[in-house]
């Protein structure tokens with residue numbers, strides 16, 4: 001914007017006063033300098049000077065802070081290093097999806113926390129996408145009642161703090177009946193004070209069943225293409241092939257007994273069998289999904305409304321039905337517009353899962369703050385924390401740049 | 001061979017009539033026009049039927065409006081005496097009893113200045129100065145000193161803390177954010193890189209983590225013997241994060257102002273800082289105001305996160321109050337009250353941002 005350079009002789013200041021005229025006529029021009037114009041008189045020279053100045057200031061600031069920090073570290077007898085990660089954690093974690101015992105190292109505990117964060121984030125991303133797309137499409141409906149209901153949800157979820165929502169759901173879950181009187185859905189899924197009890201898929205047998213299922217799925221995936229062509233005369237879509245292969249895998253695996261379903265059985269004080277989703281996990285996942293879902297719904301609505309009215313009219317005049325118009329004309333264009341913002345939402349879900357600390361869910365942030373409190377290695381711990389949270393952000397930024405480039409190549413933006 | 005040539009001119013047709021329905025019939029068509037719409041309407045009615053009457057009963061008809069905790073426990077509905085009893089604590093937190101008028105005054109000033117700032121007619125240099133004066137005044141009122149009895153920063157809690165952290169963040173973070181935004185579009189590579197690193201780092205890491213880092217790490221970077229109260233550490237964290245968000249909001253504004261304007265200003269001999277402050281910035285700010293309001297909403301909601309570093313704002317005060325043994329078990333009421341409060345403030349601001357956005361597009 002300010003890139004206006006004085007092109008004549010690279011001098012950016014025009015002579016302010018006209019050369020004085022004397023009786024003898026014009027003064028002779030100043031003698032040309034051997035070194036060219038002085039460094040601070042040219043634009044480029046000043047750029048160099050500014051950057052050198054900035055670099056020196058930055059260097060001095062960093063130096064001062066490093067010295068202060070070093071002095072503080074020496075006084076507190078702390079030394080930098082990642083050895084503390086090998087120390088025994090000694091803390092029990094209520095839930096983890098990878099094996100963990102209090103005897104494991106602090107480093108492993110941080111990994112357990114990261115896995116928990118990812119578990120919440122992935123489930124919340126999927127749920128919030130479903131909620132967001134469904135509600136977003138509903139928001140553009142012309143039915144006033146539907147607009148009222150979805151609008152109430154979206155505005156309520158967007159305009160209250162997420163921490164409040166997490167605490168609210170957590171408190172509600174803890175006020176549910178005890179196990180003996182748990183709410184149940186067909187005696188297979190239970191909701192009680194202890195969280196959500198769902199049937200678990202348990203791995204049984206020695207793996208032959210699983211191998212057989214894998215082989216069957218691969219075989220089907222490979223022979224499906226030629227088979228499909230001979231029957232229907234065209235190649236099947238990749239998604240069709242994948243879905244059919246997945247169905248084959250599940251069918252063979254169940255038939256061969258590789259998995260067994262373990263339903264929860266209600267006891268007096270606790271359940272036996274099945275899988276427990278703790279109240280902390282359920283509250284966090286529900287709150288995250290509803291919160292992010294509301295934001296995604298607004299993005300979806302904006303994307304749909306952003307598609308030009310003429311496109312709809314054109315689709316209508318071609319005789320497309322409402323659903324066809326949505327599927328073939330509106331959604332593809334809306335999708336392009338909202339993908340970057342939705343990615344930002346996914347990143348926020350990962351970031352916001354750090355609020356789990358308020359209800360004591362052992363996530364990445366909890367693991368690191370506990371580690372820092374235990375070992376006192378705050379500088380290293382904070383470095384791991386920042387690195388861990390910036391990783392998905394940078395990854396998403398890279399993917400989005402690639403996605404945008406692809407769009408530009410295809411001439412869609 | 002037959003030909004089809006129009007020899008007679010076709011008379012002009014009247015405009016296609018716009019379908020005009022009376023209000024009830026229009027709504028009838030919208031609600032029950034097509035089978036899909038009938039289905040949707042029935043579904044919505046069922047949802048509303050399931051949600052609204054129990055909610056109404058809990059909130060109003062079966063709720064206890066005045067009484068003791070015992071009466072509350074026997075009732076099926078909400079317990080509003082809890083809110084009445086603890087209302088002062090929600091608002092003032094641990095603030096000393098005798099000095100509460102100062103907190104009240106601070107709340108009034110902060111709400112007042114926000115209200116004034118929302119009126120476009122007042123936008124100008126005077127508002128910036130008033131705002132800065134208000135912030136200085138509020139800090140003076142809350143912390144004391146200079147004639148007022150001093151109050152320890154740990155005592156500041158409840159609503160004043162929420163307002164202090166969320167409403168001062170925008171004016172205080174703005175200069176830093178502007179610097180970062182300018183750095184990001186600077187022609188000097190070094191400045192550009194530093195700005196991008198700061199913006200992305202603070203936007204990329206969770207606010208909770210930033211607050212935690214500020215409370216854990218800042219002491220390491222202070223010279224020996226110097227300490228910073230928790231409130232200031234939290235404020236520093238909020239400030240830099242807000243600056244990163246503000247820089248991002250301003251970036252969009254900078255992209256909108258055409259380059260020709262700066263070139264024109266340059267050609268009539270204006271200095272760079274004159275161009276920035278007289279030509280570019282006013283337009284940039286005008287364009288970024290909806291984004292800036294969104295940042296205020298974001299921070300108003302996220303101030304509640306300081307609970308993580310052990311400070312008690314409005315939401316934390318509610319949590320603390322519900323641990324009172326006499327009034328145990330009414331946490332949900334507290335949260336509903338908090339939700340109503342946050343919702344009112346944020347929804348009004350969101351609507352305001354939306355209106356500004358529309359106004360800008362119509363321009």
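Going from the start of the chain as shown, residues are counted 1 onward.
Glycine residues also receive a Cβ, built from the backbone N, Cα and C atoms like all the rest.
Between the stretches B:66-86, B:234-254, TrEMBL puts its transmembrane segment entry on B:234-254. Taking TrEMBL as the reference, the stretch among B:6-24, B:101-119 described by the feature transmembrane segment is residues B:101-119. Non-local neighbours of the transmembrane segment (B:234-254) in the same chain are 165, 168-170, 172-174, 176-181, 184-185, 195, 198-203, 207, 210-211, 213-215, 218, 228, 280, 283-288, 291-292, 294-295, 298-299, 303, 306, 309, 311; each lies 6+ residues outside the stretch with a CB under 8 Å from one of its CB atoms.
For the transmembrane segment (B:101-119), the list of distant contacts is 91-92, 95, 127, 130-131, 134, 137-138, 141-142, 144, 148, 151, 158-160, 163-164, 167, 352: same-chain residues at least six beyond its ends, Cβ to Cβ under 8 Å.
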